Structures are given as C-alpha cells and as structure tokens.
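If you check Swiss-Prot, you get these features:
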- 23-30, 71-75, 129-132: GTP binding site (BINDING)
- 45-53: motif 'Effector region' (MOTIF)
- 179-229: region 'Disordered' (REGION)
- Cys227: S-geranylgeranyl cysteine (LIPID)
- Cys228: S-geranylgeranyl cysteine (LIPID)
Amino acid sequence: MASPSDASRRRQATVKAKVVLLGEGAVGKTSLVLRYSENKFNDKHEQTLQASFVEKRLNIGGKRIQLAIWDTAGQERYHALGPIYYRDSQGAIIVYDITDEDSFHKARNWIKELKRMLGDKVTLCIVGNKIDLDRQRTVSEKDALEYAESVGAKHYYTSAKQSKGVAELFLDLAKRILEANPPSSSTPPESQRGAPSSHPPSQPRQRSTLIVTDDSEQPSPKQGGGCCS
C-alpha cells in the first residue's frame with residue numbers, strides 16, 4: 001500500500017514534453033512563442049537562426065506539465081537541421097500563413113518529415129496564423145481542415161498580433177500531450193523526455209529561457225499590439 005508521501009510525490013510529478021514549431025520563414029512562429037511566453041508582440045521581423053527555446057509550466061486539473069518549446073528556423077538553408085531539433089518531440093506545431101498558400105503547401109512537407117521520423121507518436125497541431133488578415137486569405141478553411149483530419153492533426157487559427165487563439169493553442173496541446181503521456185507511479189518526477197537540458201549536438205541560439213510556474217488552465221486575456229501578425 002502506497003504511503004501518503006508516495007501519493008504526494010505522484011501528484012506532484014511533472015511530465016516534461018518537448019514541443020517543436022515548424023514552418024516556413026515569416027509565417028509567425030517566433031511571434032506565437034513570444035506572445036505565449038511573454039504576452040508581447042514585436043512588429044519587426046527577426047529571422048530565427050537555427051533554433052531557440054522557452055519553457056512553460058502548466059498545472060492542468062492537478063497534473064503538472066513542463067513544455068520545452070523549440071522555435072526552429074524556417075529558412076531553407078536550415079531545413080537540414082530540422083531532424084536534430086524535432087527528434088524525441090512529444091508535440092509539434094506546424095505553422096502556415098493563411099495569406100500565403102505556398103506556406104501551407106510547404107507545411108505538408110514538414111508533416112511528411114515528422115511522420116517519417118516520429119510516426120504517430122507525436123501530438124500534431126496545424127496552425128493557420130495571421131487570422132487578423134482574413135480578408136487576404138488564400139488558404140481556404142475547407143482545405144486546411146480536411147488536410148488536418150487526413151493526417152490525424154487538429155487545426156487551429158491564431159493571430160499573434162491580436163493574441164487570438166494563442167493561449168488556447170498551447171493549452172489544448174498540453175492537455176493532449178498529458179492524455180497521451182499521463183504521469184504514473186513508474187515515471188520519476190521531472191524525468192520525461194524533452195527536457196531543455198537535452199540539447200542537440202549543435203547548441204541552439206537562445207532568444208530567451210522563461211520559466212512560468214503553475215499557470216492555471218485558463219487562457220490569458222487577449223491583448224493586441226504591433227503592426228504585423
């Protein structure tokens with residue numbers, strides 16, 4: 001029979017999950033991470049070089065999860081580095097720009113590569129970003145939803161500029177990862193894969209490392225700002 005202290009340790013066990021953002025350059029991956037982690041928006045486009053990451057801790061229904069969120073470079077010259085960063089990921093967010101049909105088609109290539117590397121073990125999100133530019137949309141909602149369903153992914157719409165759907169995206173992903181990787185007595189606390197300390201051989205350029213402890217499962221209030229998505 002488990003002692004009260006054993007039960008307490010199980011309750012406090014933290015699932016660590018590695019989440020990787022993939023997509024072409026300028027679709028808004030870095031803006032999504034910045035909005036989620038710091039509730040900020042930078043109207044100046046800055047290219048991500050190789051990769052950077054932030055951390056986020058959540059408490060969802062008494063279950064603790066720590067997300068190591070990896071923001072990867074979308075420029076073609078960095079594509080070969082992709083597998084280094086998304087191996088051992090529990091979650092993947094593939095981002096496209098709803099005003100750029102080519103970014104949607106290329107998102108399919110990222111998903112094919114993910115499936116080849118990770119199979120169906122990864123919790124998959126497809127994100128149409130820049131929903132604030134809906135009048136300039138070139139990717140139909142029907143095509144996006146049908147494709148997401150065909151690959152076993154959930155589809156989301158976001159606007160980093162207006163803070164629409166961003167907190168909800170990461171919260172839902174965290175819930176899905178917890179469902180797929182529930183904490184158990186056989187899993188030591190703070191020991192799941194995806195910890196930021198497990199850096200790939202090539203060290204990432206860190207934009208910042210932010211730890212926010214024990215966020216509730218309620219999304220943060222929406223805030224706008226900036227001039228780009």
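For all residues, glycine too, the Cβ spot is worked out from N, Cα and C.
Taken residue by residue with DSSP, Ile131 (GTP binding site) is part of a helix. Of all Cβ atoms in the protein chains displayed, 17 besides its own lie within 10 Å of the Cβ of Ala26 (GTP binding site).
Under the three-state DSSP scheme, Ala26 (GTP binding site) falls in the coil class.
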